[in-house]
There are 2 protein chains.
Amino acid sequence: MARAQRELHLNIGLNTTGYIEPAWRHGATRLEDINDPNFYLEIARLAHQGRFDALFLSDHPALRTGANTRPFHTIDPLILLTHLAAQVPDIGLVATMSTTYNSPYNLARRAQSVDVMSGGRLIVNMVSSFNPDVAANFGAEPLPPRKARYDRANEFLDVVKQLWTSWTPGAKPAPDGQFWEASTGAPIDFKGEYFSIKGPLNVPVSPQRHPVIAQAGGSESGIAFAARHGEIIYANVLSRQAGQAFRAKLNAKAVEFGRDPAEILLVPGLVPFVADTREEALRLHERLHGAANEEELLAQFLRQFGLDPARIDPDKVLTAEEVMPDPEQGGALGFLLGMVELLRHEELTPRQAIRRSAGHHRAVIGTPEEVAEAIIDLWQDGTVDGYTVQPPRIREDTQIFVEKVIPILQSRGVFRDAYRSGETIRERYGLTAV
Amino acid sequence: MARAQRELHLNIGLNTTGYIEPAWRHGATRLEDINDPNFYLEIARLAHQGRFDALFLSDHPALRTGANTRPFHTIDPLILLTHLAAQVPDIGLVATMSTTYNSPYNLARRAQSVDVMSGGRLIVNMVSSFNPDVAANFGAEPLPPRKARYDRANEFLDVVKQLWTSWTPGAKPAPDGQFWEASTGAPIDFKGEYFSIKGPLNVPVSPQRHPVIAQAGGSESGIAFAARHGEIIYANVLSRQAGQAFRAKLNAKAVEFGRDPAEILLVPGLVPFVADTREEALRLHERLHGAANEEELLAQFLRQFGLDPARIDPDKVLTAEEVMPDPEQGGALGFLLGMVELLRHEELTPRQAIRRSAGHHRAVIGTPEEVAEAIIDLWQDGTVDGYTVQPPRIREDTQIFVEKVIPILQSRGVFRDAYRSGETIRERYGLTAV
């Protein structure tokens with residue numbers, strides 16, 4: 001990874017009302033907005049004005065219909081991002097896709113199509129899916145166990161990468177009287193445990209040859225997958241120590257796979273609560289979680305980890321063991337481990353811990369200056385390479401971040417003032433050409 | 001189907017270099033164009049200027065690499081059409097998709113996403129796939145037999161239609177303090193022979209509730225599928241008599257399924273060869289097929305039907321039996337039956353027959369006036385509802401058609417001068433709301 005100067009990278013989450021479920025009550029986003037292309041176009045233009053690296057869309061192919069929910073995953077990410085990329089230049093596109101509920105050829109083709117159409121701006125965030133509601137939309141079989149999902153995911157990426165580079169139209173000139181040299185598209189004849197695929201892909205290499213690969217999982221299987229295939233890691237890192245421990249584990253695994261750890265960038269989630277004063281920001285943090293005050297926020301936090309608020313002293317140190325999830329559980333294990341890792345490395349009371357995470361990602365609460373400082377802090381020493389900013393309220397908090405936090409990051413000289421014309425997202429991230 | 005006045009409908013094919021394989025030699029389209037978004041944008045804008053109903057993309061998820069080929073199916077149709085729809089208003093979008101090599105939930109979601117993003121402009125052209133090269137990109141299993149493919153296709157559409165209408169966000173107001181009324185999304189709990197899918201879809205109904213359904217197959221299974229699910233039929237109809245026979249068969253089947261035949265529109269392929277004089281147009285027709293003269297075109301035609309040019313008198317009537325394909329063959333049977341149906345209803349010599357079809361669809365050869373007359377002819381008496389124009393050379397022949405043929409159709413009062421603002425493609429086709 002050869003670049004003159006290390007850069008801060010910032011993606012921004014774009015899902016429906018914003019990252020924090022109850023926060024919509026304090027925002028202007030309404031049901032009619034969340035499937036309106038012009039709504040997303042407005043946010044994407046704001047993000048472009050803020051010079052974000054990329055728009056990020058998480059995804060589950062299922063509609064959650066429980067009480068007190070709001071739809072969080074609706075329009076297909078590749079379709080929405082294609083629509084936006086056609087109208088907003090420069091900005092990258094992160095689309096989340098399941099390796100469990102797609103076929104490699106179709107996914108490779110669609111993703112490469114977006115990468116070609118957008119001029120090399122696509123990042124695919126590969127997930128193995130963990131939700132039984134998703135499984136039920138794809139047949140009578142239950143969700144495969146985690147290990148089988150990750151085994152499939154690994155082979156899935158092996159074959160997809162081969163497909164992505166199977167047709168290079170310009171590799172040889174067309175013979176006389178022919179439209180093209182057909183041998184520039186070569187079969188891959190892949191035969192694995194899960195997939196048998198002939199190829200070549202009928203979409204050519206893109207301006208960055210193929211999409212950048214992002215990965216989110218923080219479980220052991222997730223880290224192994226990240227080390228083998230990931231280039232951008234969207235994990236939940238709640239402290240310097242936890243980040244460095246995660247990074248060390250990831251690097252060791254990457255070396256096992258023969259990869260240069262410098263080719264794997266850490267861009268964890270970050271949930272900003274920004275106001276003119278720190279006091280206001282703390283109240284905003286409570287309010288956007290649907291809590292009237294700190295005590296309600298505390299109770300909510302403890303219940304989330306299966307703890308009884310009546311039996312826990314909010315001012316006594318909480319141990320990692322107390323918040324440890326059952327490793328056999330079916331959910332997004334990596335997500336729940338963020339708090340465990342935080343408490344392993346720092347002594348924190350519940351009253352302190354509640355201010356460190358929001359929706360499992362790192363919470364930063366304060367004035368624009370404090371938030372900018374917090375962002376620079378873990379970036380400066382290389383703990384992280386940047387963040388995937390998840391605005392609690394999509395419209396309001398994106399606007400505040402772009403108008404108040406970004407200019408500080410720019411004035412400190414750590415964040416770009418302008419896009420470099422025509423660069424691919426792989427170039428922007430300083431990743432080596434594939 | 002209640003509308004004041006019958007309208008002529010015209011779609012336009014948009015695949016790579018144009019419909020006729022060797023025609024690229026006489027056009028300006030080059031290899032670097034066929035994966036260039038701006039190239040397609042230029043054609044789409046031309047089509048919009050011509051007031052076409054919709055852009056049409058056929059598809060196979062495989063790269064043909066034989067000698068004398070050119071890539072014909074590259075960028076994923078839904079991705080390319082989303083890219084174009086974001087920049088070109090009004091015009092509809094026909095995306096071809098396989099029911100054999102997709103899962104219903106993913107396909108339903110992606111298609112509905114495009115329909116929502118485009119304001120209700122999507123038509124899905126459902127095909128069951130017939131190409132062993134495609135099968136090899138989706139596993140070790142060979143292509144299922146035609147009957148199994150169509151059985152699956154029928155159930156596929158049953159479930160997809162249920163998914164498309166499973167979430168109507170505006171159906172009930174949100175309860176106090178809630179973002180939405182979650183019961184507006186209802187599980188479909190589909191359990192069929194091929195699919196088991198819970199639902200609801202996480203994309204809501206679109207401005208036209210769901211995409212219009214097109215279908216192409218002309219085999220018996222294809223006609224049954226069209227009668228059950230199709231709204232726009234892209235068949236190959238080479239004469240009035242053949243068209244009326246096809247229509248009668250389709251109508252009878254539709255009635256069996258309890259459908260109103262008036263809800264099924266026939267919009268067959270049409271390949272125009274337009275020049276200032278009829279003589280020039282005949283030479284263009286030969287040249288674009290890579291034939292130096294009529295004799296070469298004749299030989300090409302006979303070989304296509306497995307006939308020996310040395311043993312056939314080009315001026316003696318050709319019978320339907322002589323061009324009958326093996327019904328057990330694996331290819332696109334319906335396509336090959338077009339010539340059979342033509343010869344069943346008209347006495348034609350090979351020298352006459354070669355001027356009636358191009359790439360299995362109806363060829364129209366002549367001056368702009370003659371081509372316009374030929375289009376109006378079969379439309380006027382209701383044999384067809386319009387055509388899917390397949391320009392032999394994508395750029396040149398689209399331009400000639402838009403600049404010379406469309407104005408004649410407009411001056412005769414059979415084709416629109418302008419789009420009606422905000423209308424869905426379902427409304428444009430005069431189909432009843434679903």
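For all residues, glycine too, the Cβ spot is worked out from N, Cα and C.
For B:D59 (FMN binding site), applying a Cβ distance below 8 Å and a minimum sequence separation of six or more within one chain yields B:H73, B:P77, B:A95, B:T96, B:M97, B:S98, B:V127. When secondary structure is read from DSSP and collapsed to three states, B:D59 (FMN binding site) falls in the coil class. For B:D59, B:T96, B:Y150, B:S219, the entry in TrEMBL reads FMN binding site.
Feature annotation from TrEMBL assigns domain 'Luciferase-like' to B:25-384.
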- Near B:S219 (FMN binding site), how many other Cβ atoms are within 10 Å of its Cβ? 19
- Going along the chain, which residues six or more apart from B:Y150 (FMN binding site) have their CB under 8 A from its CB? B:S128, B:G217, B:S221, B:G222, B:A224, B:F225
- Determine, from DSSP, whether B:Y150 (FMN binding site) sits in helix, strand or coil. helix
- Task: Give the helix, strand or coil assignment DSSP yields for B:T96 (FMN binding site).
- Result: strand
- Taking the Cβ of B:T96 (FMN binding site) as the centre, how many other Cβ atoms fall within a 10 Å radius? 21
- Using only the residues recorded as binding FMN (B:D59, B:T96, B:Y150, B:S219), report the maximum Cα-Cα distance in Å, whole number please. 19
